[in-house]
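S.K.: I'd like to ask some things about the structure below.
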Amino acid sequence: MNNHSETESSGHNSVHGNNDNIPGWNEELELAFSAYKGLYLAGRISSRHKTVCEVLVPGAVVQAGISGALQRIGKQPVVGDFVVLLDQPETGSRMVVNILPRRTCLSRGAAGDGGGEQLIAANLDTIFIVTSVGKDLNLRRLERYLAIVYSSGASPVILLNKIDLADDPARLVEKIRDVTGDVPVIPLSALSKTGLDALGPYLNPGETVALVGSSGVGKSTLINAFLGETVQKTADIRKDDEKGRHTTTVRQMFLLPNGAVLIDNPGIREIQLGDSAEGLEKAFSEIVDAARNCKFKDCTHRNEPGCAVLQAVRDGIIPEERLESYHRLTDELSFQSKKAEIGLKRLEKERYREMAVNIKKYRKFTGKP
C-alpha cells in the first residue's frame, strides 16, 4: 500500500494503536471489534497475495496469513475488508482470524463450470467505472458493469478517459447517458489531468473508491495523477486492436493525502453477472418501470399480449437494443443461477462420497461392521 505509514519489513514490533487511524474506521466497526481483547489487532486489507495479505493497522502496514478456520468455512478476506488479526509475538507472525461486517461488497460471477461468486473488493463508497475513447467504449459492457456495481451497494460513477483523442467528447458523453440514466458521467484525460477536479466530491477523507475497467483504459494513470507520483506502472495500447496490456496484476489500496482511499483493480476481461438480479433491475430501471403496466405479472417482455415494455419499444421510448441487452443479461443470470445450483449439488455429492469412504475406513480400522 502506498501511504504515509511505516511499512514493517522485518522483526516484530508492537503496532497496537488508535483504530481511528485506519482509513474508513467507524463506530460500528469499533463496536464489532470490542469483543476482541489482548493480542488481537484491527486492520484493513490493503493487498492480497494468495495466502498472504498486507494489512493496514494503526501506524504500519504488516503481513499476515489467513487462518485455517476461515479458509475451511470459505471466508476469504479481500482488499478493503476490515479484519481481526491475532498478534503472535512469540512466533513473530500475525494471522487474519475474522472479517468484520462488510457495508458493501463488489463481486462478479466466478469463471468456470461451478458458478458462484468471485469477490473483488469490500467496503466501497463509490466505484469509478473507467472506459475510454476508442474501441473500449462499449455500451453493452457498461450495462454489465452497472449491474454488478449496483448489486454491490456502492454508487457508480462513469469516467470517460482520453477525451483529448475524441473529436466530439460531448457526443460520446450523451451516448453513454442514453443507457446509464442518472449515473454521473465525467469526461477527463488522466494524462493531461483535464477534468480531474470533477472527481473531488467523490474523494472525501475516510471514503473508499474502487476503479474498475478493461486493461488500457487508464486506471493506473489515474492513480498516479491522484497521488502526484508514479506508483503504478502504465503501458501503451497495442496499435493493432487498441487493447491494453495488463500492468496492474493485484488489487491494491492507495491512501490519498487527504485521507481518501483508492483501490486499483487489474483489468477485467470478462464480466459475468453472478448474483446481480437487484443490480440488473437498477441498470435497466426504465424497463422495470414500464413492466409495472404489463397485463401479466410474469410477463417476459418477448411476445406476450398487453406487454407495456414491448409497447414502449414500438413507441420509441425504450431503444430496441436496450431490451435485447436486458433479455441477454436476464437469460445469463438465470443460467448462472442454475450453474451455481448444479455446482452445490455436485459439491454435496462429493462430500457424502468422502464421508462414506471415511466411515468405511473407520469400520475397517475398528473391526466394526
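Every residue gets a Cβ built from N, Cα and C, even glycine.
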S.K.: According to Swiss-Prot, Cys294, Cys299, His301 bind Zn(2+); which one of Cys105, Cys307 is listed for that same site?
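M.R.: Matched candidate out of Cys105, Cys307, per Swiss-Prot for Zn(2+) with Cys294, Cys299, His301: Cys307.
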S.K.: Run through the Cβ atoms and count how many others sit within 10 Å of the one on Lys219 (GTP binding site).
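M.R.: A 10 Å sphere around the Cβ of Lys219 (GTP binding site) contains 30 other Cβ atoms.
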S.K.: Do me a favour and check the Cα-Cα span between Cys299 (Zn(2+) binding site) and Gly213 (GTP binding site); whole Å is fine.
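M.R.: Cα of Cys299 (Zn(2+) binding site) to Cα of Gly213 (GTP binding site) measures 34 Å after rounding.
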S.K.: When you measure from the Cβ of Asn161 (GTP binding site), how many other Cβ atoms are you left with inside 10 Å?
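M.R.: Asn161 (GTP binding site) is surrounded by 28 other Cβ atoms within 10 Å.
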S.K.: Going by Cα-Cα distance, pick out whichever of the binding-site residues Cys294, His301, Cys307 is nearest to Ser215 (GTP binding site).
M.R.: His301
S.K.: Specify the nearest of the binding-site residues Asn161, Ile163, Gly213, Val217, Thr221 to Cys307 (Zn(2+) binding site), where nearness means the distance between Cα atoms.
M.R.: Gly213
S.K.: Provide, as an integer number of angstrom, the distance between the C-alpha atoms of His301 (Zn(2+) binding site) and Asn161 (GTP binding site).
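M.R.: So the alpha carbons of His301 (Zn(2+) binding site) and Asn161 (GTP binding site) sit roughly 35 Å from each other.
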